[in-house]
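Novice: Here's the feature list from Swiss-Prot:
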ACT_SITE  159  active site, proton donor
BINDING   10, 11, 12, 13, 14, 15, 155, 159  NADP(+) binding site
TRANSMEM  288-308  transmembrane segment
């Protein structure tokens, strides 16, 4: 492990940035390569400021460009693959999502074989496990239970197939005669400062007189704070390189949660934003069964219009199910094999996220005031 190097794909993303910040603190790490299709100028600047004893190399390239991936993997010890097209709303074309999430992962695995990279960590998703029905109830689920998404929607399907490919690649022969070892992490819904989904929710609420959308009040989930999700990746990178720990980790997947209280998505949004005057919509909400069938009708309309018009429904059956199901998982296996313990407790995570939300509220209130003038 002395003098190791790490490539992080999707490094400009919400989770990827946190992983980079933590990696540069690793004592034996010589170089971290941050790969993404495009980096925002502020992200690139932040990574440049991280230059300490660990060299930070920023690379822009496409996950579908095999030559780019092969160059990025040269001389690398560990790949952490977070890059993905995340979409449960139907905004991104199906084939684009499958190309990025599945074909991109296959390209990266092949690049690892050709460049003789011995360790590969895949950022999977809780979506690969389901839920498949809003009537399904899973409380403190674990890896020994059989939970697999049956949705054909492109995001859960592509992530599921990519995870299967990653775990199947464990034990593959590398070009230099070595062996590839892989594992996958399945984080719960990730929240925290700079969350793209929370940003959209808060900005919409500010524009709607401080009223938060109510979309998931019937759910019970256990979200994970972004720093804790990132920390699990660091531990996986250490573990796959540790001869004592690696045999237990190879070819395995892990649910990654923390000590955030079990609650609905709506309750989480409210708890994180209530200090800034935001409140949930108290108007009548249709029952889940009705929303589910409305989602089916909207999907049908979208399908029928597809030859002449690209209609994107406001919601679909998959989103209704995701947002209104009891679906929580334990991190005990990660605790046992990776030595995972959450770095940040719930109160600190809540305060950090709430403070960031406050800055977002003030920023967009100012925008509204400017427009009003």
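Cβ atoms are placed via backbone N, Cα and C, with glycine included.
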Novice: Do any residues of this chain, six or more beyond the ends of the transmembrane segment (288-308), have a C-beta under 8 angstroms from a C-beta of it, and if so which?
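Specialist: Cβ under 8 Å, 6 or more out: 90, 134, 218, 314-321, 324.
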Novice: Counting only other Cβ atoms and using a 10 Å cut-off, which of the binding-site residues 10, 12, 13 scores lowest?
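Specialist: Comparing Cβ neighbour counts within 10 Å for the binding-site residues 10, 12, 13 gives 13.
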Novice: Determine the C-alpha span of the NADP(+) site listed in the record, that is the greatest distance between any two of 10, 11, 12, 13, 14, 15, 155, 159, in Å to the nearest whole number.
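Specialist: Of all Cα pairs among the recorded NADP(+) binders, the widest measures 20 Å.
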Novice: Please list residues from the chain of residue 14 (NADP(+) binding site) whose Cβ is under 8 angstroms from its Cβ, counting only those at least six apart in sequence.
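Specialist: Within the chain, residue 14 (NADP(+) binding site) has Cβ neighbours under 8 Å at 190, 192, 194, 195, 196, 226.
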Novice: Across all the protein chains here, work out how many other Cβ atoms are within 10 Å of the Cβ of residue 11 (NADP(+) binding site).
Specialist: 26
Novice: Between the residue listed as 'active site, proton donor' and residue 10 (NADP(+) binding site), how far is it from one CA atom to the other, in Å?
Specialist: 15
Novice: How many neighbouring Cβ atoms, not counting its own, are there within 10 Å of the Cβ of residue 155 (NADP(+) binding site)?
Specialist: 25
Novice: Which residues, sitting 6 or more apart from residue 15 (NADP(+) binding site) on the same chain, put a CB under 8 Å from its CB?
Specialist: 82, 123, 187, 190, 226, 229, 230
Novice: Within 10 Å of the Cβ of the residue listed as 'active site, proton donor', how many other Cβ atoms can be counted across all chains shown?
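Specialist: So the number of other Cβ atoms within 10 Å of the residue listed as 'active site, proton donor' is 27.
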Novice: Three states by DSSP: which one describes the residue listed as 'active site, proton donor'?
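Specialist: Reduced to three states, the DSSP call for the residue listed as 'active site, proton donor' is helix.
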